[in-house]
Amino acid sequence: MIQSGHFVSTSKCIGIIIYLVYTGLVQGFYINTYYKVGSEIFPNDNSIEEKFKTYLRSKKRELKPLFINDSNEEKENSLNNVMGDDDSELLGKYPICEAKYKLVDKLKVINFLEKLMEKRKKIIFNKSCLTETYEVLLVTLKNTNDLLSVLATVYGFIPHFLIFIILFGFFITFNKILLYFVLIIPTQMTLNDLILKNIFKMRRPNNSALKSYGMPSGHSSFSYSILTFTVLHLIESHKDKWNIIASLLALITLFPIPWSRVYIEDHTVSQVIVGIILGVILGCLFFLFKRILFKYKYSKF
C-alpha cells in the first residue's frame, strides 16, 4: 500500500511538472515582448520586423539629438555640443557658466558686432552649465576663466591685423618687400582655403564655433609663410640691431599662432602641423623668387 501510494504521488508530481512545462512552452509561442516608439506599439515578432524597421526609418528625420560627445579626451572638463535651432528651452534649464574674462560681453557692446555674432552662435554644455561661443573673424570667441585662453584668442586675430598693416603699408610706401607679402596673401588663401581644405574636408574640433573645414590651418600657414620669408630676408640682409629687433618681433608675433589655434580648439594638432609645413614651403618659394628676380635685375648691368 505504501509503495502504491508512493507511486501515485510520484505520478502526480511528474504529471504536474509535464503540465507546467507544456503550458510554459505553449504560452511562450503566444506571449511576446512589445516595443513602444512614440504612440506606436510593435510586438517582438519576426513577421512584422520589416514593418518596425520601416517605421523607425520614417521617424529618423524627426529625431534631434541634444548632445554629442566631445572627442577631445585630453580635456578634463569635456564639453559637449548642443544641437538644435531653439536654445530657449536649454537656456531656461541650465545656467550660463560664470567667467572671469568676459570677452563676448565686451564685443557685444558694439551693436553691429552683436548682430553678426548672434548669427554664428554655438552653445556647448559643460557638466552643469552652458558656455556660449561665437565665430568672429574665423576665431571662436567665448567668456572664460583661463588667462591663456584670452591670450590665445588675441593671437587668433593677429593675422587679420597683419594683413591690414601689409596692404595699408604697401599702398602708402610701395615698398618692394611688402610687395612679396602682398603676393603671399592671395596665394596662401587660394591654396589653403579654396583647394586643400576642399580636398581634405576635415572637420574642426567639436568645441569650435567655426563651420568651415579645418585642414590645413589657415592661420598657421599664413603666419609661418610670412615668418619664414621675413627671417630668411633678414638673415640675408645686414645683421644690424634693427634687423635683430625685427626678427625677434616677427618670432614673438607669429610663432605662437599655431599653438593658439589648438588651445582655443579651432584646430587639431595635425591641422596645425600641416598648416606650418605649407607656410614654410610658401615662405621659402617666395624668398627664392625674390632672389631670382634680384639676380636677373642686376645681370643686365
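A Cβ is built for glycine as well, from the same backbone N, Cα and C atoms used for every other residue.
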Which listed span TrEMBL calls transmembrane segment, if the choices are 116-135, 216-235: 216-235
Cβ-Cβ under 8 Å with the transmembrane segment (216-235): same-chain residues at least 6 beyond its ends: 138, 156, 158-159, 162, 177, 180-181, 184-185, 188-189, 192-193, 196-197, 200, 243, 246-247, 250-251, 254-255, 257-258, 260-261, 266-267, 271-272, 274-280, 282-284, 286-287, 290
Mean of pLDDT values spanning the domain 'Phosphatidic acid phosphatase type 2/haloperoxidase' (177-287): 92
